[in-house]
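K.L.:
Sharing the features that Swiss-Prot gives for it:
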type	residues	note
BINDING	Gln37, Leu38, Arg39, Ile40, Lys41, Asn69, Ser108, Lys137	4-amino-2-methyl-5-(diphosphooxymethyl)pyrimidine binding site
BINDING	Asp70, Asp89	Mg(2+) binding site
Amino acid sequence: MYQPDFPTVPFRLGLYPVVDSVEWIERLLEAGVRTIQLRIKDKRDEEVEADVIAAIALGRRYDARLFINDYWRLAMKHNAYGVHLGQEDLETTDLKAIQAAGLRLGVSTHDDMEIDIALAAKPSYIALGHVFPTQTKQMPSAPQGLAQLVRHIERLADYPTVAIGGISLEHAPAVLATGVGSIAVVSAITQAADWRDATAQLLAIAGVGDE
């Protein structure tokens, strides 16, 4: 049963771009996206704080669900909608502080064991990946494919889920057909020949999520 220790999110978060700059946040919110993540890697908090502040302000302006990847202290300090953490971050993060601050929590998973770990944290949503081969980041695990994704979705039937990893415009309908609540995309938008057109098509397929 879906009873997270953190504030709930809609079962369907819709199209969920993951981007590395405030510029992309602004572009995509203007284009109609309503769930989005700022993922800046390998910088100190003081180096990214201005970007986090700007992204959160944009999220509020567009009434969007803006998640901050990794920088949970900054997300708490500036009252973001939510935080997204990888498995490697769970042990070093003060989850109770995030919960007390009223932020939503998303957690990445790559296999059954990591799903068990995520469920123990009782997050707002669980991300399942990587579905297809991806060039966006180095992955120690193998792509799961659609059959494995279906199995995980069946296990997490009443939990908000997000599929991520190598999801292209062409793959999107088949991924959503598994019953997953949302699709997270990176290069399908940021490396598209026409990002506006790609975003519009993906929004038509995945929607903006439930209210």
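Think of each number as a place in line: the chain as shown, counted from 1.
Keep in mind that glycine also has a Cβ here, set from the backbone N, Cα and C atoms.
What you are looking at is a predicted structure, and each value in this text was computed from that prediction instead of being measured.
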K.L.:
Any idea which of the binding-site residues Leu38, Ile40 has the thinnest Cβ neighbourhood at 10 Å?
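P.N.:
Minimum Cβ neighbour count within 10 Å, taken over the binding-site residues Leu38, Ile40, occurs at Ile40.
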K.L.:
Does anything in the same chain, at least 6 positions from Ser108 (4-amino-2-methyl-5-(diphosphooxymethyl)pyrimidine binding site), have a Cβ under 8 Å from its Cβ, and if so what?
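P.N.:
In sequence order, the residues whose Cβ lies under 8 Å from that of Ser108 (4-amino-2-methyl-5-(diphosphooxymethyl)pyrimidine binding site) (at least 6 apart) are His84, Leu85, Gly86, Gln87, Glu114, Ala118, Ala127, Gly129, Ile164.
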K.L.:
Hey, which of the binding-site residues Asp70, Asp89 is the loneliest by Cβ count within 10 Å?
P.N.:
Asp89
K.L.:
Taking every protein chain shown into account, which of the binding-site residues Arg39, Lys41 has the largest tally of Cβ atoms within 10 Å of its Cβ?
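P.N.:
Ranked by Cβ atoms within 10 Å, first place goes to Arg39.
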K.L.:
Counting Cβ neighbours within 10 Å across all chains shown, tell me which of the binding-site residues Gln37, Asn69 comes out on top.
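P.N.:
Sorting the candidates by Cβ neighbours within 10 Å, the top entry is Gln37.
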K.L.:
For Asp89 (Mg(2+) binding site), which of the three DSSP-derived states applies: helix, strand, or coil?
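P.N.:
Asp89 (Mg(2+) binding site) sits in a helix per DSSP.
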K.L.:
Distance check, please: Cα of Gln37 (4-amino-2-methyl-5-(diphosphooxymethyl)pyrimidine binding site) against Cα of Asp70 (Mg(2+) binding site), rounded to an integer number of angstrom.
P.N.:
10
K.L.:
Measuring Cα to Cα, tell me the gap between Lys41 (4-amino-2-methyl-5-(diphosphooxymethyl)pyrimidine binding site) and Asp70 (Mg(2+) binding site) in whole angstrom.
P.N.:
8
